[in-house]
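Scroll down for the structure; my scribbles are underneath it.
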Amino acid sequence: MALDKRIWMHFDLLPFVFIIPLLVVSFLLIFESSAVLSLKQGVYYAIGFLLFWVVFFIPFRKLDRWLFALYWACVILLALVDFMGSSKLGAQRWLVIPFTSITLQPSEPVKIAILLLLAHLIKINPPPFKGYDWGMFLKLSFYICLPAALILKQPDLGTALIVLIMGFGILLIVGLRTRVWLPLLIALIVASPIAYHFLHDYQKKRIADFLSEKPNYHVMQSIIAIGSGGFLGKSKEACTQTKFKFLPIATSDFIFAYFVERFGFLGAILLFAIYIGLSLHLFFYLFESNSDWFLKIVALGISILIFVYSSVNIAMTLGLAPVVGIPLPLFSYGGSSFITFMILFAILENLLAFRYIFGNNSKPSFGNFGFLAQLVRALGS
């Protein structure tokens, strides 16, 4: 049976104009580094796109009552990690699915659960003109801070910070009263030196390495790889930093350095443009004229995640941020982060494609082309 044509009228193709080049180039780099890893990455791509189409047809707007259940299920999984989690590299972050060798990292689906719950709560209680006051702020903060605290205990400082930045970034952008955000800012500044003393030794070492005049070995090799790429990059055979394994974790945490060694400064500029374009396109859904707060918050949350992940990862490889193990979104080797983002984009496309059913913009406004369409209209007027 043919699908209603309005579904495809509202389907936003532009994110995939940004995403597909990322996946193609990423696969090329991973294949050049290891054919075995590229085969695994191909499997992750297949799973990610399969889940995209499965999730795309889930009626999220009708599942309000289930969003709390999803959230608490993810929180329970995070809590179980502390009791029966699997340890890797000194961190206890995974659960082993019974009777299989498959592991699940609950900190990935919890990002989806937090974002959906925030979108639901903001939808039923939109921000007033002057922004949220303490009551609503504290209520929303609880749902952000609880899973972040459980993730921090694993320990996984990087992911915990990502959750906090996404959650509180949404609240700051949609609006908080001055008497809320100003005391919080002061408290954050005062508490930062105190919080440092509660960090693990390896986390303190990463900060010390970042602040020292000489970068640590990993960052130094990354900077050398980036500098050696020149303006147009090198052939595969000439990429000595990657070829001779000087560059650590070249296909995951430091894949940006590998990419710049291969494609040079010009390639880096194009990669920046893709991430900035994708982030802005999603961010500008916030300025649609309708009152579809569920859609706006989901798009805003994905925009923040894309921007923060890419900014922190690139800054890390340049020695401008501590090494925290944050992947380059839709680019680094691995399945967890990629599948999470594909599910998030599936949810966004579902909210766009089926919104005519709920009376939210029966005609597409600028969902198909985002801020680019707005720019074209402005230039033409």
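Cβ coordinates are placed from backbone N, Cα and C, and glycine is handled just like the others.
The transmembrane segment annotation in Swiss-Prot covers 11-31, 40-60, 66-86, 102-122, 132-152, 156-176, 180-200, 263-283, 297-317, 328-348.
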For the transmembrane segment (156-176), sequence-distant contacts whose Cβ falls under 8 Å of one of its Cβ atoms, 6 or more beyond its ends: 91, 93, 107, 110-111, 114-115, 118, 122, 127-128, 130-132, 137, 140-141, 143-145, 147-149, 199, 203, 286, 297, 300-301, 304-305, 308-309, 312, 324-326
Cβ-based contact of the transmembrane segment (328-348) with the transmembrane segment (102-122), 3 or more pairs under 8 Å: yes
Segment-segment contact (the transmembrane segment (263-283); the transmembrane segment (40-60)) at 3 or more Cβ pairs under 8 Å: no
Within-chain partners of the transmembrane segment (132-152) [C-beta distance under 8 Å, separation at least 6 from its ends]: 71, 74-75, 78-79, 81-82, 107, 110, 113-114, 117-118, 121-122, 125, 159-160, 163-164, 167-168, 171, 174-177, 179-180
Closest-packing stretch to the transmembrane segment (66-86), where packing means Cβ pairs under 8 Å, from 11-31, 40-60, 102-122, 297-317: 102-122
Other parts of the chain folded back onto the transmembrane segment (11-31), taken as Cβ under 8 Å at six or more residues beyond its ends: 37-38, 41-42, 45, 251, 255, 258-259, 262-263, 274-275, 277-278, 281-282, 330-333, 345, 348-349, 352-353, 367-370, 372
